[in-house]
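Here is what TrEMBL records for this protein:
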type    : residues               : note
BINDING : Asn206, Ser245, Lys274 : 4-amino-2-methyl-5-(diphosphooxymethyl)pyrimidine binding site
BINDING : Asp207, Glu226         : Mg(2+) binding site
DOMAIN  : 2-122                  : domain 'ThiD2'
DOMAIN  : 145-329                : domain 'Thiamine phosphate synthase/TenI'
Amino acid sequence: MRVIDANANRVGEGLRTLEETARFILDDAELQFHLKTLRHDIATAMTKVSRVDLLSARDTPGDVGTDATTSSENHRVDLGDLVAAAAIRVQQALRCLEEYGKLIDSDFASELERIRYRAYDCLARIELRCRRDLKRIDRLRNARLYALIDAGRSQSDLIQRIEELSRCGVEIIQLRDADIDDRTLYERACAGTRVARDRNVLWIINDRADIAAAADADGVHVGQEELPVAAVRSIVGPDRLIGLSTHNLDQVRGAVASAADYIGCGPTFPGKTKSFSEFPGCEFLKSVTSELKRPGTRSLPAFAIGGIRSDNVDQVAAAGFGRVAVTGAFAIDSPADVVADFHKQLNRVPLY
Ligand SMILES: Cc1ncc(COP(=O)(O)OP(=O)(O)O)c(N)n1
Ligand SMILES: Cc1ncsc1CCOP(=O)(O)O
Ligand SMILES: [Mg+2]
(Lines of atoms letter the chains of each structure in order from A and count residues from 1; the text may use other names and numbers.)
(Lines give C-alpha, C1' and ligand atoms only; values in the text may rest on other atoms or scores of the structure.)
(Ligands and ions follow the chains in the order given, each with its own letter.)
Protein backbone atom coordinates (compact mmCIF):
# COMPACT_ATOMS: atom_id res chain seq x y z
CA MET A 1 0.00 0.00 0.00
CA ARG A 2 2.90 2.39 0.69
CA VAL A 3 4.28 1.74 -2.78
CA ILE A 4 0.87 2.29 -4.37
CA ASP A 5 0.30 5.46 -2.33
CA ALA A 6 3.72 6.95 -3.19
CA ASN A 7 3.43 6.18 -6.89
CA ALA A 8 -0.15 7.39 -7.22
CA ASN A 9 1.04 10.72 -5.78
CA ARG A 10 4.12 10.72 -8.01
CA VAL A 11 2.19 10.11 -11.22
CA GLY A 12 -0.43 12.74 -10.37
CA GLU A 13 2.20 15.35 -9.53
CA GLY A 14 4.23 14.57 -12.63
CA LEU A 15 1.20 14.82 -14.88
CA ARG A 16 0.13 18.07 -13.25
CA THR A 17 3.61 19.53 -13.89
CA LEU A 18 3.32 18.56 -17.55
CA GLU A 19 -0.22 19.88 -17.79
CA GLU A 20 0.92 23.28 -16.55
CA THR A 21 3.63 23.28 -19.22
CA ALA A 22 1.08 22.49 -21.96
CA ARG A 23 -1.34 25.09 -20.61
CA PHE A 24 0.81 28.06 -19.62
CA ILE A 25 3.98 27.67 -21.67
CA LEU A 26 3.01 25.88 -24.85
CA ASP A 27 -0.58 27.22 -24.96
CA ASP A 28 -1.53 23.81 -26.34
CA ALA A 29 -5.12 23.02 -25.36
CA GLU A 30 -5.09 19.62 -27.07
CA LEU A 31 -1.99 18.39 -25.26
CA GLN A 32 -3.30 19.76 -21.98
CA PHE A 33 -6.58 17.89 -22.53
CA HIS A 34 -4.75 14.58 -23.15
CA LEU A 35 -2.66 14.99 -20.01
CA LYS A 36 -5.68 15.92 -17.93
CA THR A 37 -7.62 12.92 -19.27
CA LEU A 38 -4.73 10.65 -18.30
CA ARG A 39 -4.70 12.12 -14.81
CA HIS A 40 -8.46 11.63 -14.46
CA ASP A 41 -8.32 8.07 -15.79
CA ILE A 42 -5.62 7.21 -13.27
CA ALA A 43 -7.76 8.72 -10.50
CA THR A 44 -10.68 6.58 -11.68
CA ALA A 45 -8.50 3.43 -11.75
CA MET A 46 -7.30 4.28 -8.24
CA THR A 47 -10.88 3.98 -6.92
CA LYS A 48 -10.29 0.19 -7.05
CA VAL A 49 -7.89 0.66 -4.13
CA SER A 50 -9.29 1.85 -0.82
CA ARG A 51 -8.21 5.43 -0.16
CA VAL A 52 -8.54 4.81 3.58
CA ASP A 53 -6.08 1.88 3.28
CA LEU A 54 -3.68 4.07 1.32
CA LEU A 55 -3.80 6.96 3.77
CA SER A 56 -3.50 4.62 6.75
CA ALA A 57 -0.41 3.02 5.25
CA ARG A 58 1.26 6.40 4.62
CA ASP A 59 4.25 6.96 6.90
CA THR A 60 6.24 9.93 5.65
CA PRO A 61 8.31 10.44 8.85
CA GLY A 62 9.28 6.74 8.76
CA ASP A 63 10.12 6.77 5.03
CA VAL A 64 13.81 5.91 4.68
CA GLY A 65 13.85 7.43 1.17
CA THR A 66 12.92 11.04 1.92
CA ASP A 67 16.58 12.08 2.49
CA ALA A 68 17.82 10.35 -0.65
CA THR A 69 17.49 13.40 -2.91
CA THR A 70 20.37 13.60 -5.41
CA SER A 71 21.81 17.00 -6.35
CA SER A 72 20.54 16.56 -9.94
CA GLU A 73 16.95 16.43 -8.64
CA ASN A 74 17.26 20.04 -7.48
CA HIS A 75 18.67 21.35 -10.72
CA ARG A 76 17.01 21.66 -14.15
CA VAL A 77 18.99 23.31 -16.93
CA ASP A 78 16.00 24.29 -19.06
CA LEU A 79 12.37 23.57 -19.83
CA GLY A 80 13.23 20.47 -21.89
CA ASP A 81 15.14 19.05 -18.91
CA LEU A 82 12.31 19.85 -16.51
CA VAL A 83 9.71 18.23 -18.75
CA ALA A 84 11.91 15.17 -19.34
CA ALA A 85 12.28 14.66 -15.57
CA ALA A 86 8.51 14.91 -15.05
CA ALA A 87 7.81 12.58 -17.99
CA ILE A 88 10.24 9.95 -16.70
CA ARG A 89 8.69 10.18 -13.24
CA VAL A 90 5.22 9.61 -14.69
CA GLN A 91 6.36 6.64 -16.72
CA GLN A 92 8.19 4.97 -13.83
CA ALA A 93 5.35 5.59 -11.41
CA LEU A 94 2.83 4.06 -13.83
CA ARG A 95 4.97 0.94 -14.10
CA CYS A 96 5.29 0.64 -10.31
CA LEU A 97 1.52 1.04 -9.92
CA GLU A 98 0.95 -1.66 -12.53
CA GLU A 99 3.45 -4.14 -11.01
CA TYR A 100 2.37 -3.70 -7.39
CA GLY A 101 -1.24 -3.50 -8.55
CA LYS A 102 -0.91 -7.12 -9.69
CA LEU A 103 -0.72 -8.07 -5.99
CA ILE A 104 -3.99 -6.30 -5.34
CA ASP A 105 -6.33 -6.64 -8.31
CA SER A 106 -5.56 -7.89 -11.82
CA ASP A 107 -8.19 -5.57 -13.39
CA PHE A 108 -6.49 -2.60 -11.73
CA ALA A 109 -3.10 -3.73 -13.10
CA SER A 110 -4.51 -4.21 -16.62
CA GLU A 111 -6.11 -0.77 -16.57
CA LEU A 112 -2.78 0.76 -15.48
CA GLU A 113 -1.03 -1.05 -18.32
CA ARG A 114 -3.46 0.46 -20.87
CA ILE A 115 -2.96 3.92 -19.38
CA ARG A 116 0.83 3.48 -19.49
CA TYR A 117 0.75 2.76 -23.22
CA ARG A 118 -1.45 5.79 -23.86
CA ALA A 119 0.89 7.92 -21.78
CA TYR A 120 3.99 7.00 -23.82
CA ASP A 121 2.80 8.93 -26.86
CA CYS A 122 1.67 11.98 -24.93
CA LEU A 123 4.89 12.13 -22.89
CA ALA A 124 7.04 11.89 -26.01
CA ARG A 125 5.07 14.67 -27.69
CA ILE A 126 5.37 17.17 -24.86
CA GLU A 127 9.07 16.46 -24.32
CA LEU A 128 9.85 16.85 -28.02
CA ARG A 129 7.85 20.08 -28.15
CA CYS A 130 9.81 21.57 -25.27
CA ARG A 131 13.18 20.43 -26.54
CA ARG A 132 12.39 21.80 -29.99
CA ASP A 133 11.17 25.15 -28.75
CA LEU A 134 14.49 25.71 -27.06
CA LYS A 135 16.63 24.61 -29.95
CA ARG A 136 15.55 26.70 -32.92
CA ILE A 137 19.07 27.93 -33.48
CA ASP A 138 20.47 24.39 -33.51
CA ARG A 139 17.82 23.26 -35.96
CA LEU A 140 18.57 26.27 -38.17
CA ARG A 141 22.29 25.52 -38.14
CA ASN A 142 21.70 21.91 -39.21
CA ALA A 143 19.26 22.81 -42.01
CA ARG A 144 20.18 22.67 -45.69
CA LEU A 145 16.81 22.86 -47.41
CA TYR A 146 14.50 25.84 -47.11
CA ALA A 147 11.24 26.13 -49.13
CA LEU A 148 9.25 29.32 -49.72
CA ILE A 149 5.54 28.67 -50.29
CA ASP A 150 2.40 30.74 -50.76
CA ALA A 151 -0.64 30.51 -48.52
CA GLY A 152 -2.39 27.97 -50.76
CA ARG A 153 -5.96 27.94 -52.02
CA SER A 154 -7.25 26.96 -48.58
CA GLN A 155 -5.98 26.16 -45.12
CA SER A 156 -6.05 22.42 -45.78
CA ASP A 157 -4.16 22.99 -49.04
CA LEU A 158 -1.43 24.82 -47.08
CA ILE A 159 -1.31 22.11 -44.42
CA GLN A 160 -0.95 19.37 -47.02
CA ARG A 161 1.89 21.26 -48.67
CA ILE A 162 3.75 21.68 -45.38
CA GLU A 163 3.23 17.99 -44.59
CA GLU A 164 4.46 16.92 -48.03
CA LEU A 165 7.58 19.11 -47.99
CA SER A 166 8.53 18.17 -44.46
CA ARG A 167 7.98 14.46 -45.20
CA CYS A 168 10.43 14.79 -48.09
CA GLY A 169 13.10 16.35 -45.89
CA VAL A 170 12.64 20.13 -46.18
CA GLU A 171 13.76 21.58 -42.85
CA ILE A 172 12.58 25.20 -43.04
CA ILE A 173 9.40 26.52 -44.67
CA GLN A 174 8.61 30.20 -45.24
CA LEU A 175 5.12 31.56 -45.77
CA ARG A 176 5.55 34.16 -48.51
CA ASP A 177 2.33 35.58 -49.90
CA ALA A 178 1.72 39.25 -50.63
CA ASP A 179 -1.62 38.61 -52.35
CA ILE A 180 -3.90 37.85 -49.43
CA ASP A 181 -5.47 40.02 -46.75
CA ASP A 182 -3.94 40.23 -43.28
CA ARG A 183 -6.66 38.19 -41.61
CA THR A 184 -6.23 35.25 -43.96
CA LEU A 185 -2.44 35.54 -43.75
CA TYR A 186 -2.64 35.45 -39.96
CA GLU A 187 -4.98 32.44 -39.98
CA ARG A 188 -2.78 30.52 -42.42
CA ALA A 189 0.28 31.46 -40.36
CA CYS A 190 -1.38 30.03 -37.23
CA ALA A 191 -2.36 26.82 -39.03
CA GLY A 192 1.20 26.56 -40.34
CA THR A 193 2.65 26.98 -36.85
CA ARG A 194 0.61 24.03 -35.59
CA VAL A 195 1.46 21.63 -38.38
CA ALA A 196 5.10 22.73 -38.68
CA ARG A 197 5.58 22.08 -34.99
CA ASP A 198 4.06 18.65 -35.29
CA ARG A 199 6.30 17.87 -38.27
CA ASN A 200 9.46 19.29 -36.71
CA VAL A 201 10.00 21.85 -39.47
CA LEU A 202 10.91 25.50 -38.80
CA TRP A 203 8.12 27.90 -39.81
CA ILE A 204 9.12 31.40 -40.94
CA ILE A 205 6.87 34.29 -42.00
CA ASN A 206 8.07 36.55 -44.80
CA ASP A 207 8.19 40.32 -44.18
CA ARG A 208 5.72 40.45 -41.27
CA ALA A 209 7.27 40.51 -37.79
CA ASP A 210 3.83 41.26 -36.30
CA ILE A 211 2.24 38.17 -37.84
CA ALA A 212 5.23 35.97 -36.98
CA ALA A 213 4.87 36.97 -33.31
CA ALA A 214 1.07 36.81 -33.21
CA ALA A 215 0.99 33.40 -34.91
CA ASP A 216 3.82 32.09 -32.70
CA ALA A 217 5.91 31.17 -35.74
CA ASP A 218 9.57 30.18 -35.42
CA GLY A 219 10.76 33.34 -37.10
CA VAL A 220 10.50 36.07 -39.70
CA HIS A 221 12.43 36.90 -42.87
CA VAL A 222 12.98 40.52 -43.88
CA GLY A 223 14.58 42.28 -46.82
CA GLN A 224 16.85 45.31 -47.03
CA GLU A 225 13.92 47.66 -47.57
CA GLU A 226 11.81 46.39 -44.69
CA LEU A 227 12.02 46.96 -40.93
CA PRO A 228 15.62 46.98 -39.62
CA VAL A 229 16.67 43.84 -37.76
CA ALA A 230 16.78 45.60 -34.37
CA ALA A 231 13.18 46.76 -34.78
CA VAL A 232 12.15 43.26 -35.88
CA ARG A 233 13.87 41.83 -32.78
CA SER A 234 11.89 44.17 -30.55
CA ILE A 235 8.68 42.77 -32.02
CA VAL A 236 9.45 39.07 -32.22
CA GLY A 237 11.41 38.71 -28.96
CA PRO A 238 14.74 37.02 -28.24
CA ASP A 239 13.90 33.44 -29.24
CA ARG A 240 12.38 33.76 -32.69
CA LEU A 241 14.70 33.51 -35.68
CA ILE A 242 15.32 36.51 -37.91
CA GLY A 243 16.50 36.10 -41.49
CA LEU A 244 17.83 38.96 -43.61
CA SER A 245 18.22 39.14 -47.40
CA THR A 246 21.63 40.23 -48.68
CA HIS A 247 22.71 41.12 -52.21
CA ASN A 248 26.28 42.39 -51.69
CA LEU A 249 29.16 42.05 -49.23
CA ASP A 250 28.39 45.28 -47.39
CA GLN A 251 24.97 43.94 -46.57
CA VAL A 252 26.48 40.62 -45.43
CA ARG A 253 28.84 42.50 -43.08
CA GLY A 254 25.86 44.51 -41.81
CA ALA A 255 23.96 41.27 -41.17
CA VAL A 256 26.93 39.80 -39.26
CA ALA A 257 26.97 42.89 -37.05
CA SER A 258 23.19 42.79 -36.53
CA ALA A 259 20.92 40.52 -34.52
CA ALA A 260 20.04 38.44 -37.60
CA ASP A 261 20.21 34.65 -37.18
CA TYR A 262 20.73 33.77 -40.84
CA ILE A 263 21.02 35.40 -44.24
CA GLY A 264 19.54 34.77 -47.67
CA CYS A 265 22.06 35.48 -50.45
CA GLY A 266 21.09 36.21 -54.03
CA PRO A 267 19.48 36.30 -56.44
CA THR A 268 21.73 33.60 -57.83
CA PHE A 269 20.03 32.64 -61.12
CA PRO A 270 16.96 33.98 -62.94
CA GLY A 271 13.72 32.25 -61.95
CA LYS A 272 9.99 32.62 -62.43
CA THR A 273 9.05 33.50 -58.86
CA LYS A 274 10.51 37.01 -58.73
CA SER A 275 12.13 39.14 -61.42
CA PHE A 276 15.36 41.08 -60.93
CA SER A 277 17.44 43.39 -63.08
CA GLU A 278 20.75 42.24 -61.56
CA PHE A 279 22.11 38.88 -60.48
CA PRO A 280 25.03 38.89 -58.07
CA GLY A 281 25.15 35.16 -58.87
CA CYS A 282 27.74 32.58 -57.84
CA GLU A 283 30.55 35.16 -57.66
CA PHE A 284 28.67 36.79 -54.79
CA LEU A 285 28.13 33.40 -53.13
CA LYS A 286 31.88 32.69 -53.31
CA SER A 287 32.69 36.04 -51.72
CA VAL A 288 30.14 35.40 -48.95
CA THR A 289 31.77 32.04 -48.24
CA SER A 290 35.19 33.71 -47.88
CA GLU A 291 33.75 36.52 -45.75
CA LEU A 292 31.97 34.17 -43.34
CA LYS A 293 35.05 31.96 -43.01
CA ARG A 294 37.28 34.90 -42.07
CA PRO A 295 38.74 34.27 -38.59
CA GLY A 296 36.85 36.20 -35.95
CA THR A 297 33.68 36.61 -38.04
CA ARG A 298 30.44 35.58 -36.34
CA SER A 299 29.25 32.39 -37.95
CA LEU A 300 25.96 33.06 -39.71
CA PRO A 301 24.11 30.35 -41.66
CA ALA A 302 23.73 31.54 -45.28
CA PHE A 303 21.14 30.24 -47.75
CA ALA A 304 21.62 30.78 -51.48
CA ILE A 305 18.40 31.87 -53.16
CA GLY A 306 17.08 32.63 -56.64
CA GLY A 307 16.40 30.21 -59.48
CA ILE A 308 18.16 27.28 -57.83
CA ARG A 309 17.15 23.92 -59.29
CA SER A 310 18.42 20.36 -59.56
CA ASP A 311 20.43 21.22 -62.69
CA ASN A 312 22.36 24.20 -61.27
CA VAL A 313 22.66 23.41 -57.55
CA ASP A 314 26.13 21.95 -58.22
CA GLN A 315 27.36 25.52 -58.95
CA VAL A 316 25.93 26.67 -55.61
CA ALA A 317 27.75 23.87 -53.80
CA ALA A 318 30.95 24.71 -55.70
CA ALA A 319 30.64 28.28 -54.37
CA GLY A 320 30.81 26.86 -50.83
CA PHE A 321 27.09 26.98 -50.06
CA GLY A 322 25.57 23.92 -48.40
CA ARG A 323 22.20 25.58 -47.87
CA VAL A 324 19.56 26.71 -50.36
CA ALA A 325 16.16 28.44 -50.26
CA VAL A 326 13.84 27.71 -53.19
CA THR A 327 10.34 28.10 -54.51
CA GLY A 328 10.13 27.13 -58.17
CA ALA A 329 12.20 23.93 -57.99
CA PHE A 330 9.49 22.27 -55.90
CA ALA A 331 6.81 23.26 -58.39
CA ILE A 332 8.53 21.52 -61.32
CA ASP A 333 9.50 18.06 -60.10
CA SER A 334 8.33 15.87 -57.24
CA PRO A 335 9.63 17.27 -53.93
CA ALA A 336 11.21 13.92 -53.04
CA ASP A 337 13.29 13.93 -56.25
CA VAL A 338 14.32 17.56 -55.80
CA VAL A 339 15.37 16.91 -52.20
CA ALA A 340 17.43 13.90 -53.29
CA ASP A 341 19.15 15.90 -56.08
CA PHE A 342 19.84 18.83 -53.75
CA HIS A 343 21.20 16.61 -51.00
CA LYS A 344 23.56 14.87 -53.42
CA GLN A 345 25.28 18.18 -54.16
CA LEU A 346 24.83 20.12 -50.92
CA ASN A 347 25.96 17.34 -48.59
CA ARG A 348 29.44 17.70 -50.08
CA VAL A 349 29.72 21.08 -48.36
CA PRO A 350 30.35 20.87 -44.62
CA LEU A 351 28.02 23.08 -42.56
CA TYR A 352 29.54 25.66 -40.23
C1 LIG B 1 15.48 32.86 -47.28
C2 LIG B 1 15.08 34.09 -48.04
N3 LIG B 1 16.03 34.82 -48.63
C4 LIG B 1 15.70 35.93 -49.33
C5 LIG B 1 14.38 36.32 -49.40
C6 LIG B 1 13.98 37.57 -50.12
O7 LIG B 1 13.47 38.54 -49.23
P8 LIG B 1 13.17 40.04 -49.78
O9 LIG B 1 14.42 40.54 -50.37
O10 LIG B 1 12.59 40.80 -48.67
O11 LIG B 1 12.09 39.78 -50.90
P12 LIG B 1 10.59 39.22 -50.71
O13 LIG B 1 10.70 37.75 -50.44
O14 LIG B 1 9.98 39.92 -49.55
O15 LIG B 1 9.93 39.49 -51.99
C16 LIG B 1 13.41 35.53 -48.76
N17 LIG B 1 12.12 35.84 -48.78
N18 LIG B 1 13.78 34.42 -48.08
C1 LIG C 1 11.97 35.65 -52.88
C2 LIG C 1 13.22 35.64 -53.64
N3 LIG C 1 14.22 36.50 -53.34
C4 LIG C 1 15.28 36.33 -54.08
S5 LIG C 1 15.02 35.14 -55.25
C6 LIG C 1 13.49 34.84 -54.68
C7 LIG C 1 12.61 33.81 -55.31
C8 LIG C 1 12.98 32.39 -54.97
O9 LIG C 1 12.21 31.52 -55.74
P10 LIG C 1 12.84 30.61 -56.88
O11 LIG C 1 13.58 29.51 -56.22
O12 LIG C 1 11.64 30.11 -57.64
O13 LIG C 1 13.73 31.49 -57.75
MG1 LIG D 1 10.72 40.99 -48.03
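Glycine too: its Cβ is placed from the backbone N, Cα and C atoms.
Separating the Cα atoms of Lys274 (4-amino-2-methyl-5-(diphosphooxymethyl)pyrimidine binding site) and Glu226 (Mg(2+) binding site) is a whole-number distance of 17 Å.
Among the binding-site residues Asn206, Asp207, Glu226, Lys274, residues whose Cβ is positioned under 6 Å from ligand 2 are identified as Lys274. Same-chain neighbours of the 4-amino-2-methyl-5-(diphosphooxymethyl)pyrimidine site beyond Asn206, Ser245, Lys274, judged by a C-beta within 8 angstroms of the site's C-beta center, are, in sequence order, Leu148, Arg176, Asp207, His221, Gly223, Gly264, Ile305.
Local packing around the binding-site residues Asp207, Glu226 was summarised as the count of other Cβ atoms within 10 Å of each Cβ; on this measure the leading residue is Asp207. If you compare every pair of Cα atoms in Asn206, Ser245, Lys274, the residues listed for 4-amino-2-methyl-5-(diphosphooxymethyl)pyrimidine, the longest distance is 14 angstrom. Cα spacing between Glu226 (Mg(2+) binding site) and Ser245 (4-amino-2-methyl-5-(diphosphooxymethyl)pyrimidine binding site): 10 Å, rounded to the nearest whole number.
Taken through DSSP, the domain 'ThiD2' (2-122) splits into 93 helix, 0 strand, 28 coil. Lys274 (4-amino-2-methyl-5-(diphosphooxymethyl)pyrimidine binding site) has a Cβ environment of 15 other Cβ atoms inside 10 Å. For ligand 3, the nearby binding-site residues are Asp207, Glu226; that is, of Asp207, Glu226, Lys274, these have a C-beta under 6 Å from one of its atoms. Proximity of Ser245 (4-amino-2-methyl-5-(diphosphooxymethyl)pyrimidine binding site) to non-local residues of its own chain (separation of 6 or more, Cβ distance below 8 Å) is seen for His221, Val222, Gly223, Gln224, Gln251, Ile263, Gly264, Gly266, Ile305, given in sequence order.
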